[in-house]
Amino acid sequence: MQAKKPGGSSGGGRSGELQGDEAQRNKKKKKKVSCFSNIKIFLVSECALMLAQGTVGAYLVSVLTTLERRFNLQSADVGVIASSFEIGNLALILFVSYFGARGHRPRLIGCGGIVMALGALLSALPEFLTHQYKYEAGEIRWGAEGRDVCAANGSGGDQGPDPDLICRSRTATNMMYLLLIGAQVLLGIGATPVQPLGVSYIDDHVRRKDSSLYIGILFTMLVFGPACGFILGSFCTKIYVDAVFIDTSNLDITPDDPRWIGAWWGGFLLCGALLFFSSVLMFGFPQSLPPHSDPALESEQAMLPEREYERPKPSNGVLRHPLEPDSSASCFQQLRVIPKVTKHLLSNPVFTCIILAACMEIAVVAGFAAFLGKYLEQQFNLTTSSANQLLGMTAIPCACLGIFLGGLLVKKLSLSALGAIRMAMLVNLVSTACYVSFLFLGCDTGPVAGVTVPYGNSSTPGSALDPYSSCNKNCECQTDSFTPVCGADGITYLSACFAGCNSTNLTGCACLMTIPPENATVIPGKCPSPGCQEAFLTFLCVMCVCSMIGAMAQTPSVIILIRTVSPELKSYALGVLFLLLRLLGFIPPPLIFGAGIDSTCLFWSTFCGEQGACALYDNVAYRYLYVSIAIALKSFAFLLYTTTWQCLRKNYKRYIKNHEGGLSTSEFFASTLTLDNLGRDPVPANQTHRTKFIYNLEDHEWCENMESVL
């Protein structure tokens, strides 16, 4: 016996060494993946991807006016380009949200980011496939020094290019337009899994009380992206469009010149690189992170009525146990479920109303913001670069702050359903009041010879207005472009040619009839409007306040939405949200706003005998129509918020016997009856009904999990 002890001890030692080595290997293996097993690391990665997505989306908006001039497009045309992103997103959002919830969500998000990177690179391709921009001759005839002057004396008569050659390039321009649309569709397809799967993945792996803060941070980064996009647009439009092909030291124009075209394509290349590198990180995360605490206490399933035959399941259809019964369902059977699930969700008035309200709010952002840079250029006579820089440094950061504050208020004040919807109603009213003030903040078009006032500013009926007059009828002035000049008489002329200037130094302008010939000169640009600078500063301040307050409703709306559906339907509910946001909130508004803006045009340029881009707008009509559309959408959103509040209030009366459906003053923003404790009432008799109320706010057919929908 004594002799066996050393042997046994030695064997035990070897066994202990083996176990120690295995434990050490497991420890090293665990250490290798630990950085991707933290939900905060995923939040950072998702924020980086959403930041890049927001950047490329806003960058397109920042260069829309540049694209108009580069490819001679109308506002309705660029509206189609802006809406193409949503069309691509719309095509796959439901399928990705439904099937992606059961798949490897981080990898799907990474694949979507790579597709977006490809779309961004394709967006820059038209510049390398079309002819170089020639500002000396341009698409019109300029004088020897690059100015459009009167050719009555024969000077500059042979300076312009062959018109037939220019018109033959029209077909190539149309192809570039279609390529831009296709690239935006590809961007939309790639963005499909990023938001719904990212939000549901985060909501699954954080404590419920922290969910609003995490989602608020996520959407803050999504909105901070446009700030980066506008700043990037401001930088790129200061670089000449063909800077990589020519020696820019020989240029005699600056970004302040109306003929300047910036390097609109450069930002797309940079955004493509950012999208690619931020997407690569997503492939390191697991399908499901380790639970941070007892799932029975933190999961939303704990709030559902308990059934003995049901096993606890994580939300969004992500199964920690791979042998669940529904994993054997065929793809065709799962496709048949989608209409039933969609009908079930839309049959809930609270769910439907809050989604439609979000659509109206997003419609204001999509339509108003898409042409806000153009609006600043027209109303306040800013350059494209200055408008983009101001938007990127003022309004958008304020919107980011508003989204973050909205999520923080939901967390810190423990807002109930009624508190959250009342908060949304309040911020909607305040932001609508800001939009109303925009009706009175702007500048007039001012006198424009032959367009708003007759030449010589004589009392001629408006019907007799004509850009061509006896003073310039022999000048062979072209209308391919708009290069306004301000005359010494305080009147704006469409170009130096229309002012009758026969010299490239902008002197001897025959159409300045009220000015002595020796003083008949013009300077480049529109004539300034009195009081315009003060109106612009006020507009900028109000815009910042409006952006911050209006954005505070976004996070409460999303939180209400994901709390009104059963956990298994969360990802799909978010997919329905983003589908309707694209269908109603993102696609129609740019088209509607663009068509409305075109209707206020006073003078159209012509290109090869066809109507080109608008050269001059009626600023007053532009302002009233542009702002009124936004006010109408905000008002409709308020009605939908009110309907949601009425539905919630009715259910509070129905299910909470002692509350009477009203809220005290202290409960206006911070009701102690929160969604967190509403389903955990200690009274067993009411627990089922109150829990049912959380997910079935309008007493429709109750759905506890996916199997009951089948």
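Even glycines carry a Cβ here, placed using N, Cα and C.
What Swiss-Prot says about this protein:
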type	residues	note
DISULFID	Cys471-Cys501	disulfide bond
DISULFID	Cys477-Cys497	disulfide bond
DISULFID	Cys486-Cys511	disulfide bond
DOMAIN	465-513	domain 'Kazal-like'
CARBOHYD	Asn153	N-linked glycosylation site
CARBOHYD	Asn381	N-linked glycosylation site
CARBOHYD	Asn457	N-linked glycosylation site
CARBOHYD	Asn502	N-linked glycosylation site
CARBOHYD	Asn505	N-linked glycosylation site
CARBOHYD	Asn519	N-linked glycosylation site
MOD_RES	Met1	N-acetylmethionine
REGION	1-25	region 'Disordered'
TOPO_DOM	1-40	topological domain 'Cytoplasmic'
TOPO_DOM	101-106	topological domain 'Cytoplasmic'
TOPO_DOM	204-222	topological domain 'Cytoplasmic'
TOPO_DOM	287-344	topological domain 'Cytoplasmic'
TOPO_DOM	411-414	topological domain 'Cytoplasmic'
TOPO_DOM	563-571	topological domain 'Cytoplasmic'
TOPO_DOM	649-705	topological domain 'Cytoplasmic'
TRANSMEM	41-60	transmembrane segment
TRANSMEM	80-100	transmembrane segment
TRANSMEM	107-131	transmembrane segment
TRANSMEM	175-203	transmembrane segment
TRANSMEM	223-243	transmembrane segment
TRANSMEM	262-286	transmembrane segment
TRANSMEM	345-366	transmembrane segment
TRANSMEM	387-410	transmembrane segment
TRANSMEM	415-438	transmembrane segment
TRANSMEM	540-562	transmembrane segment
TRANSMEM	572-597	transmembrane segment
TRANSMEM	631-648	transmembrane segment
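Residue with the densest Cβ environment among the glycosylation sites Asn381, Asn505: Asn381, by other Cβ atoms within 10 Å. Residue pair Asn502 (N-linked glycosylation site) / Asn519 (N-linked glycosylation site) shows a Cα separation of 14 Å. The Cβ neighbour count for Cys477 (disulfide bond), using a 10 Å radius over every protein chain in view, is 23. Here the transmembrane segment (223-243) has Cβ contacts under 8 Å with residues 50-63, 66, 70, 127, 132-133, 251, 255, 260-267, 270-271, 369, 373, 384-386, 388-389, 391-393, 396-397, 399-400, 403, 551 of the same chain, all six or more residues outside its ends. When each of the listed stretches 80-100, 107-131, 262-286, 415-438, 572-597 is scored by C-beta pairs under 8 angstroms to the transmembrane segment (540-562), 415-438 comes out highest.
Asn505 (N-linked glycosylation site) is 18 Å away from Cys471 (disulfide bond) when you measure Cα to Cα. The C-beta environment of Cys486 (disulfide bond), restricted to residues of the same chain at least 6 apart in sequence and closer than 8 Å, consists of Thr492, Tyr493, Val522, Ile523, Pro524, Gly525, Lys526, Cys527, Pro528. Among the listed stretches 80-100, 262-286, 387-410, 572-597, 631-648, the one sharing the most Cβ pairs under 8 Å with the transmembrane segment (345-366) is 572-597. The stretch in 41-60, 80-100, 262-286, 387-410, 572-597 that contributes the largest number of Cβ pairs under 8 Å to the transmembrane segment (107-131) is 262-286. Between the transmembrane segment (572-597) and the transmembrane segment (387-410) there are fewer than 3 Cβ pairs closer than 8 Å, counting only pairs 6 or more residues apart in sequence, which means the two stretches are not in contact. Separating the Cα atoms of Cys497 (disulfide bond) and Asn519 (N-linked glycosylation site) is a whole-number distance of 17 Å.
With a cut-off of 8 Å on Cβ pairs spaced 6 or more residues apart, the transmembrane segment (262-286) and the transmembrane segment (631-648) reach fewer than 3 such pairs and are scored as not touching.
In the three-state DSSP classification, Asn519 (N-linked glycosylation site) falls within a helix. For Cys501 (disulfide bond), none of the recorded positions have C-alpha atoms inside a 10 Å radius of its own C-alpha, out of Asn381, Cys477, Asn519.
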